[in-house]
């Protein structure tokens, strides 16, 4: 029986994970975020109303589901409290349904300030390649830097606010020197930061729980758990398009580390992928489009970041990069989203391989940035469809060409597609196989 399922993105994020998690949540008892921070926006449509969350797990919109923010997440205290307040205003039950790990590292204003300062200058200290990453400006990277450098403030530091203030002052001095001397930016007043912390600290402390112990006991009881990934596999710090990546592990392995459970407690991995490709920010994008079709995908797909509002770059479905995501996360099956956005196109393309500058055909995703810059997609062209897929709930009701497109994607990525999303609403899905019913 499947008890624990990891749900991750197979592209560069924005694949529609939130909607699918929201759809599957009624079948589980827990939803757990394990990496990233509030740079991960997930938008869910319920009864034609959009709800956008950045930090709180998607399961919060269902009564009786316990939502956990595990230790691998970098947590903004202010953002968490704001999201809790926003949910309460729309009558979502929050109390006793959101818990956090005391080992979460905190995102504080100096992380955001240094993040924005780095992005403003023409070159960045994040890499040695004289490039701008195109971050969300949420302070995620600097917060993870503090974590690795062993100077981060964590949730458990809130237990003693006097000690917290002393540590805060030292770290603020560290960052203010950089902000003023190197980036010529305004310093952060640690007194203001401390005032914010005093305001929210009690709320956070009351939500602390021993996450590994809680989930171990849940498994013993036979409860089902969704481990909710943020961003996408191609943004993984080790296996993504480095240096144009996020600062955490976005693969299924990140769940093990970020939560504090062993590999044997991962029963299934579901990969979410769009029927086309998108990317926000800078970095390699082999199948990127320009012109009318790019505009079509962006406009019809509403491809604007839920965190930054930035326009997403769009391109054809890239089977090479998705196969890479499947390989590095041991993905069992896939969910294909936004098939409805392709309705009306005369043709659709699938990138099945790359061709190098010297004519070599490449079937595996390169790690080297230089190799990625010098490849050309090898496409298969399939007929488009004029019929509508929006809202269809049975596979055999899809237009013939849409079915052919989906089947061909299954063939070239090498795993089955269990779920097909046919629209933004949580119930607009074709369920070929329910991964939680195995």
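First residue shown is number 1, and so on along the chain.
Just so it is clear, glycine is given a Cβ too, placed from its N, Cα and C backbone atoms.
Straight from Swiss-Prot, the features:
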- 13-19, 41-43, 312, 338-340, 421-423: GTP binding site (BINDING)
- 14, 41: Mg(2+) binding site (BINDING)
- 14, 15, 16, 17, 39, 40, 41, 42, 136, 150, 231, 246, 310: IMP binding site (BINDING)
- 14: active site, proton acceptor (ACT_SITE)
- 42: active site, proton donor (ACT_SITE)
- 306, 307, 308, 309, 310, 311, 312: substrate binding site (BINDING)
Pairwise CA distance, residue 231 (IMP binding site) versus residue 19 (GTP binding site), rounded so that it is a whole Å | 14
About how far apart, in whole Å, are the alpha carbons (Cα) of residue 310 (IMP binding site) and residue 14 (Mg(2+) binding site)?
-> 12
Rounding to whole Å, the Cα atoms of residue 14 (Mg(2+) binding site) and residue 311 (substrate binding site) are apart by 12
Cα-Cα distance linking residue 136 (IMP binding site) and residue 309 (substrate binding site), given in Å to the nearest integer | 10
Which number gives the other C-beta atoms within 10 angstroms of the C-beta of residue 309 (substrate binding site), all protein chains shown included?
-> 9
How long is the line from the C-alpha of residue 422 (GTP binding site) to the C-alpha of residue 312 (substrate binding site), rounded to the nearest angstrom?
-> 20
Among all the protein chains here, how many other CB atoms are within 10 A of the CB of residue 14 (Mg(2+) binding site)?
-> 28
Quick one: of the binding-site residues 39, 41, 136, 311, 312, which has its CA closest to the CA of residue 16 (GTP binding site)?
-> 41
Rounded Cα distance in angstrom between residue 39 (IMP binding site) and residue 19 (GTP binding site) is 17
Where does residue 339 (GTP binding site) sit by DSSP, helix, strand or coil?
-> helix
